[in-house]
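Features of the protein shown, as given by TrEMBL:
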{"type": "ACT_SITE", "residues": "117", "note": "active site, pros-phosphohistidine intermediate"}
{"type": "BINDING", "residues": "11, 59, 87, 93, 104, 114", "note": "ATP binding site"}
{"type": "DOMAIN", "residues": "3-140", "note": "domain 'Nucleoside diphosphate kinase-like'"}
Ligand code: IDP
Ligand code: MG
């Protein structure tokens, strides 16, 4: 079994709208293991690094002010295929293409307020975890439900 980690971040709109509990619950009840969780006010330098592939986009200034507008909730979730499954649980980038049952499909309408971030590759997940968390903030622990989640 290939265990993988992904970086999931509830954006300021998700925090303001009281969706932290619901989103945490979705990953927990699916069987993923929580390894880190914190509420955090990002700054511009961090967001420029996180979204380094998007800084030239026309919407980048709006994305920056959106992501700076309040605290985000940063998380690390571990489990089989966590990156791909995390993206599936989030839904499409544009909520109008996100299926009902996904986080974006259940809670959002426009791309500039799409509630949640999820890493798009295992390599980027590790980069993002290192960017958003300090040493000691990510905890490796024995999950007693593992034998009931995996065969
Ligand atoms: P992702 O979040 O699904 O990985 P990306 O293409 O990496 O999508 O874009 C990062 C974030 O930038 C999106 O989640 C969304 O908040 C914002 N964004 C992407 N495309 C647009 C756009 O066309 N207009 C406004 N915001 C956008
Ligand atoms: Mg992305």
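Placement of Cβ uses the backbone N, Cα and C atoms for every residue, glycine included.
When other Cβ atoms within 10 Å of the Cβ of residue 114 (ATP binding site) are tallied across all protein chains shown, the result is 23. In this structure the C-alpha atoms belonging to residue 59 (ATP binding site) and the residue listed as 'active site, pros-phosphohistidine intermediate' are separated by 16 Å. Cα of residue 11 (ATP binding site) to Cα of residue 117 (active site, pros-phosphohistidine intermediate): a span of 7 Å. Only 59, in sequence order, out of the binding-site residues 59, 87, 104 have a CB under 6 Å from ligand 1.
Around the Cβ of residue 93 (ATP binding site), the same chain contributes 104, 111, 114, each under 8 angstroms and 6 or more positions distant in sequence.
Counting only same-chain residues at least 6 apart in sequence, those with a Cβ under 8 Å from the Cβ of the residue listed as 'active site, pros-phosphohistidine intermediate' are 7, 8, 9, 11, 90.
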